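Undergrad: Next up is a structure, given as structure tokens.
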Amino acid sequence: MTPLYLQDVTLRDGMHAIAHRYTVDQVRTIAAALDAAGIAAIEVAHGDGLAGSSVNYGHGAASDAEWIAAAAEVLTTARLTTLLVPGIGTIADLKAARALGVTSVRIATHCTEADISAQHIGWARENGMDVSGFLMMAHMNDPVDLAAQAKLMESYGAHCVYVTDSGGRLLMSDVAERIDAYRQVLEPETQIGIHAHHNLSLGVANSVVAVEHGRILGDGPLGTPVGRTVRVDASLAGQGAGAGNAPLEVFVAVAELHGWEHGCDVFALMDAAEDVVRPLQDRPVRVDRETLSLGYAGVYSSFLRHAERAAERYGVDVRSILVELGRRQMVGGQEDMIVDVALDLAGKEET
């Protein structure tokens, strides 16, 4: 089987879990531990990507440049990567990151808006970067239409396109259908990626399904030993928005049991998760009534802490806020609507 490409997101998606408050020294320590453990790629940025530090998304404890430079100092084998959301980050931000040593980038859009990634993907490809398309909130688009969006990203120059389960809402069958749809339209050399969240406790299971279906070329049956590279996102101790991402150390252990080539030291990952990352969590990254509600309602995982603050301020149940956000089909970038929803619910309770 073609080796897996494991990308750690502790230092990007994991920012959401601690309100973007990693210090430069913590970034350096975590990046060094991941590099030593053999991870292929390490993503570094504000939780909402380059230039995400703001009133709307939350201010970072340091700048993207400071975090990226800290990681670059300690990496010896891992690829330094970042993420950019068009409309938040710009090509100028990407140029600055590249100058600091970033060689790979994911361009992230809502699952129906691939067309806004054309300029950014094109620039990255033309300038020698590894570049992926990152179709967020993948549960909000059916498999065929999502695959059509992936094909657009491929046409702009993406080396890989992800099924991005930002809400942790996809079931295993949903992942299989979307990965299979990608296989039908993408060229054999284009890689397929999975970015799972653990809100329904399916982060690892969904990643396994993505590997099983994504590594096949064309219409071969499951188990066909021919391969396309599958990229899998995960994070130490699951550090990420909502109930977190697929826990890296758990996924690697499962990959080992499957006999998949991954290149990582599972014990070193366990140690980094337990000794370095988990002590940083001011709110446990786990499935609980609030994070389960994210997956149940299909809500953008990074809404969690915003919703918890609004619930406390206006005296409403955070689950009610999350379910209503899901009903209204709010997506990333609409964080300002969380307070509106909380006020609406508080008003109804008073009448």
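Cβ coordinates come from backbone N, Cα and C, glycine included.
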Undergrad: According to Swiss-Prot, H195, H197 bind Mn(2+); which one of D13, D25 is annotated to that same site?
TA: D13
Undergrad: Among S53, S166, S173, which residue does Swiss-Prot annotate as binding substrate at the site that also has R12, D13, H195, Y300?
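TA: According to Swiss-Prot, the candidate sharing the substrate site with R12, D13, H195, Y300 is S166.
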Undergrad: For D13 (substrate binding site), just give me the three-state DSSP call.
TA: coil
Undergrad: Give me the Cα-Cα distance between H195 (substrate binding site) and H16 (active site, proton acceptor), rounded to a whole Å.
TA: 15
Undergrad: Drop a 10 Å sphere on every Cβ of the recorded positions R12, H16, S166, H197 and tell me which sphere holds the fewest other Cβ atoms.
TA: H16
Undergrad: Enumerate the residues of the same chain, R12, D13, S166, H195, Y300 excluded, that satisfy the criterion Cβ within 8 A of the mean position of the Cβ atoms of the recorded substrate site; list them in sequence order.
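TA: Nearby residues not in the site list: V9, H16, G47, M136, T164, H197, G240, A241, N245, S301, S302.
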Undergrad: Determine, for the Mn(2+) site, the additional residues of the same chain whose CB lies within 8 Å of the mean position of the CB atoms of D13, H195, H197; present them in sequence order.
TA: V9, T164, D165, S166, G168, A196, D233, S235, G240, A241, N245, A246, S301
